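Engineer: Dropping the structure in here first, questions after.
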Amino acid sequence: MLIGFIYDVKNDNLSILKEKFNKYSQENKLNINLNTYFYTHKNSTSEISNVSYILKDLVSEKEKSKNDLFIIDTIYSGEYSDHFEDLYNLLPPSTINLYKNGIATATSVCNGKLVSLPLYVDYGGLYYNEILLNKYNKTIPLTWDEMIQTFNYIYDREYNLGNNLSKFLSILDGKSIVANTLEFIHSFRDNENDEFPPYTSKNAIDALIKMKEIKESITEYDPFSISQSELWKSIYNKQKEYIFFRNWYYGDVELPPNKDGLKRTSYKFAPLPGHKAGISGSCIGGSNIALNKYISEEKKKAAIEVYKYLFSYDFQKYLIINLNKRSAIHDLYKDDEVCQNINCTMYSHMQGIVRPSYLNINYEDFSTKLSKYIKDFINGKNTAEETLIKIDDILRVHFIEYTSISGIIILTLIVVSLLIIAVTYIYISIKRSRKQFNFLPFKHWCCFLLGLALLVCSCLTGVGSLKDINCTLKPVLISIGFSLTYMPFFIKLISLQSQKNRLFNFIKNNSQLILVFSIFIDIIINLVWMTFDPVLVQKEEILDGPSFEICKSSGDLGFIMIIILLIKSIIIIGSIGFLILTEWNVVIFKSDIRHIGNAVYFSIINIIVYMVVIFIHIMNRYFHNGIRCGVIIVFSLSNLFLILGPKIYKISFYKKKINKRKNLNKFIEKTGAFNDNYQNELNLINIDDIIDYSLIRNNNMYNNNNNNSHLNKMNYTYRDFNVPSKNSYIYSNYLRGDLNQFPNTVSNLQFIKKPTIDTFR
């Protein structure tokens, strides 16, 4: 079944396809019968603007569809390309090679796939009044300025003769605005072989300015209100006469003489003018045939035979000679028989430009937006520069540039964060300060830092032009990074539980295995995700602004995987929070547990914020990626600073204080400073320089009744210095300054009760 849509019911030439192929099939005993069905305005409720919705309904049936082949407008090839077969894999090279030259085939290629072939081609061009040009000895204009001058010259003289001619029309309605705009911009290239100018280039700006000039000088007052059908009605029914008008190729128009028999009209087709002679632009239209990818292999083989016939050299030649169609096979314009019927020189040198349907965009939305922007420009609401930036935003898929402010900020934060993590690793690697980090084994601290580094590196995947690998890596880095960050603490807190059972004992005795198993779960979840519903680069369409690249799964499985990973993270961090509450008063690791607790509670807030961010629709690419990166970096640095920051601070800034205490003790031993003779000198010593009250806490875990000579000296010197004897050993070691160099370690058990000092003797 070949199905399509016919715009012009009066000129239905497509019914010949069924007749010609079935005859060919019978002659060659192919045993294939081609049936056709064409939608029109008479047998459907759809208007031209709704053709895409008919196609959407047809292809949505997938394998249940009975439609094998689709005749589609060139503008829909890209939008529905996912539903069509790649003809590169099915058609013989002899057929494909016929269409390798020329711009028309570009309407059939999308993302490297040949999703259709052009059955025939429409060209946009200039219709000129041959009789009037001959009457005033004027040639076909080659430039826009020449067209304006010729129009004014003929119009003024005909007006003086009492003939009120219609002004220039370029059919600025609906989808024709897109074609007309592209043709103007393409006609402002510097050289014939140049590519289409960028939308923000000076060429494009000059083109729009010229378009507005033509509208204001030689165009009807409201060109946007005239449609293609209304134009032809005005010519055939109302007998309006034009000097020039822009339209798709419709054949030469010959009107019979009027009632007086004195006047006839003849319109001929020519390339549109350009910025300078020899430069032109013609938008490519027409109808393509695409193959439904959901049909059986048997039907596909039959469809290939239809392709081989309809797109053969001979049948395309038949379309040109007998149906006045134009073919995408350029070699036909060198055929003598063809050139006897048409102007081969003109058609072989048409400077075509295709509409951006090959970009796999929603062409209806694109056409609507562009039409609005051009109308606003023509009516003076926006400048040419502003209009072209908006048009460029529709087509361009934006991303966070490395040189943008947002890109620089993100990259700077990533580099700074990684440097901080590297410096932290140096601290925990120093053996003389290793006891400060005895809450976890050295390997587990390394896992913690590696997890933070992976989380920070995940932000790199959102900067620059996105690739599918970026989208694949991001959830992997985040999930594994989170597990490496928090699983070591989960395992440690389980091992501290006083209530022992088989599960706790297994976790305690197999800590490495548990850590590896957690990462293995992350890998399995990500593999399932990427296999069945991979995260790919997709375009985030913005209604009135620049669209941008995002990473997104196409189906529902991706959403489910996100929920699973979030639940896993919540379970881990929630369990850690609960275990911290149960271990809150464990003195031996009191500061570590409280630092981790602060980090956990802050991380819960970060996770909640991240969940909100990923599930809301942000329409700015900088905020979309920037906020996500910001939350991840804040999460990483907050954990680093809250857990390891206090330890690094003490290592870095308490060393001088400890050295002072050592020097003071040496002074006491050397000079006998606690004798009565040194009473006055000791009055100069501030007791706060000797004792750090914040470090003296009560601990009942150690009972030691040994008295130290230095403590005796202190008792001799200070009246009512009440130091509990059971802690005298710990306290005297503190005074000697040799208590493992640093406070707040497992061996530094502290006092609750502060000693009372009345006065010196």
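Cβ coordinates are placed from backbone N, Cα and C, and glycine is handled just like the others.
All TrEMBL annotations are machine predictions without curation.
The following feature annotations were taken from TrEMBL:
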type	residues	note
DOMAIN	402-647	domain 'G-protein coupled receptors family 3 profile'
TRANSMEM	405-430	transmembrane segment
TRANSMEM	442-464	transmembrane segment
TRANSMEM	476-494	transmembrane segment
TRANSMEM	514-537	transmembrane segment
TRANSMEM	557-587	transmembrane segment
TRANSMEM	599-619	transmembrane segment
TRANSMEM	625-645	transmembrane segment
Engineer: Any residues 6+ beyond the ends of the transmembrane segment (405-430) with a Cβ under 8 Å from its own?
Structural biologist: 437, 442, 445-446, 449, 452-453, 456-457, 459-460, 462-464, 622, 625-626, 629-630, 633, 636-637, 640, 644, 647-648, 651
Engineer: Against which stretches of its own chain does the transmembrane segment (476-494) lie, if we need a Cβ under 8 Å and a gap of at least six residues from its ends?
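Structural biologist: Same-chain contacts beyond the ends: 439-440, 444-445, 447-448, 450-455, 457-458, 461, 504, 507-508, 511, 514-515, 518-519, 521-523, 525-526, 565, 568-569, 572-573, 575-576, 579-580, 583, 593, 596, 603, 632, 636, 639.
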Engineer: Over the domain 'G-protein coupled receptors family 3 profile' (402-647), what is the model's average pLDDT?
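Structural biologist: Within the domain 'G-protein coupled receptors family 3 profile' (402-647), the model's average pLDDT equals 90.
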